[in-house]
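Structure first, commentary second.
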Amino acid sequence: MLFDQIASNKRKTWILLLVFFLLLALVGYAVGYLFIRSGLGGLVIALIIGFIYALSMIFQSTEIVMSMNGAREVDEQTAPDLYHVVEDMALVAQIPMPRIFIIDDPALNAFATGSNPQNAAVAATSGLLAIMNREELEAVMGHEVSHIRNYDIRISTIAVALASAITMLSSMAGRMMWWGGAGRRRSDDDRDGNGLEIIMLVVSLLAIVLAPLAATLVQLAISRQREFLADASSVELTRNPQGMINALDKLDNSKPMSRHVDDASSALYINDPKKGGGFQKLFYTHPPISERIERLKQM
């Protein structure tokens, strides 16, 4: 079952790439149509930007993601307890030792990133290290090491890269519209135009506004299922389901992270770092912790 999931994750990598590049193409066409009067030109530029961004994330994902999240690298001398727990989990999972980082934040959280097990890294918050006992820390690190072993990190890295590129393009277009300029000129050109031009204008505006939301929804669909698998895989590594249950219970009671976490990075964490209420619950990057605990109790 586990090897089937790993193979499935590799297939999903290509599907994910296709979906995100289609979204990039849509945003690029919209930006080009509105601001340079060439939808095709905007599409080509957007795809080039997305391709370069994705490649840079794949080859430098650890440095980029850790920098985005304010993490600092540690070793056996500076964080011996965390180092030895990660070392044990990596040994059991039969993967190379990942690099280790700490995020100075009182909230309880952790994540893994990288393009493959040979270039992976894990990060934990200072709050998690202060609150979790040894068994709970093993469970959390087992969860993150499982993401590495199951090749979830490659999917996550690509998702972060392309979602960030889509958000960047949409944000840039929004600022250009706010400033006026080309957007106003396009509106003036289309004021006396035919119905098709008006429809294209509306569709382009909607694409710019909705593409970041669509990218987030794609991340949600992928992230939620792999969290269940990583929880179960952690129990497989530690042979201690109660440790994972206790860790999840503490994570559930943790406050949101005090530092800003961008939307693209949120899906990486073991616990949703924002924990908004009301309408925001619809866009949680993780399944409810109560549901995750219930699944573990049924193992």
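From the backbone N, Cα and C atoms, a Cβ is placed for every residue, glycine too.
Note that the structure is predicted; figures quoted are calculated from it, not measured.
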Binding-site annotation, Swiss-Prot, Zn(2+): partner of His143, His147 in Glu63, Glu227, Glu291: Glu227
Recorded stretch that, among 15-35, 39-59, 198-218, has the most CB pairs under 8 Å to the transmembrane segment (158-178): 15-35
Residues flanking the Zn(2+) site, with Cβ no more than 8 Å from the Cβ centroid of His143, His147, Glu227 and excluding those residues themselves: Ala112, Glu144, Ser146, Asp152, Arg226, Leu229, Ala230, Asp231, Ser233, Ser234, Ile270
Neighbour-count leader, CB within 10 A, recorded positions: Glu144, Glu227: Glu144
Structural state of Glu227 (Zn(2+) binding site), classified by DSSP into three states: helix
